[in-house]
Amino acid sequence: MSSLNVYADNNPGTPIIHLTDPKRIASELSAINVRFERWDSPVVPPRTASEAEVLDAYRPYLDQLMGETGAGSADVLRVGPETQGWAQARGKYLSEHVHSEDEVRFFVHGQGDFILHVGGRVYDVRCTAGDLISVPAGIPHWFDGGETPDFVTLRVFTNPDGWIAQYTGSDIAARFPVEA
């Protein structure tokens with residue numbers, strides 16, 4: 001289930017907001033210019049579907065999103081327990097960083113947490129299958145796909161160089177571990 005927990009950035013133990021309704025999550029995140037929405041596809045491709053099959057299943061949504069944002073490309077990222085180098089990659093994703101362009105992800109299967117650090121608050125957004133999140137360029141954040149990841153996402157981008165992480169040097173991510 002999708003969820004949002006919001007914390008004061010000096011108090012990782014107690015959320016000040018806890019939401020599970022996607023419309024309320026979207027409303028809360030819109031206040032910090034983060035887009036969150038549910039896509040209900042009539043056909044969800046199997047986890048093992050080819051990249052073309054996954055892209056085709058969501059083509060109407062992708063075309064609309066890419067038209068709105070000016071993004072020029074989309075691809076499929078598939079991460080599972082068998083993914084080579086995941087532990088090393090996860091370590092990088094768990095450090096607070098920013099990107100020079102929006103980070104847009106749609107979860108086809110599985111789940112992952114985007115954790116955003118904005119205005120003295122930490123927003124832990126649990127994204128699950130059917131969720132779209134768009135984190136604007138320059139928003140400090142980190143991502144946790146879990147110790148044993150199992151997710152398939154669509155990535156939408158204008159320039160692949162735009163999602164090269166620029167690390168902030170903050171240790172805040174270590175103080176806000178994702179709850180299972």
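Every residue gets a Cβ built from N, Cα and C, even glycine.
TrEMBL: automatically predicted annotations, no manual curation.
Predicted, not measured: the structure shown is a model, and the values here were computed from it.
Record check: TrEMBL places H97, H99, E103 at the Fe(2+) site, and the matching candidate among H18, H141 is H141. A 10 Å radius around the C-alpha of E96 (site 'May play a role in metal incorporation in vivo') takes in these recorded positions out of D102, E103, R105, H141, in sequence order: H141.
The DSSP secondary structure for H141 (Ni(2+) binding site) is strand.
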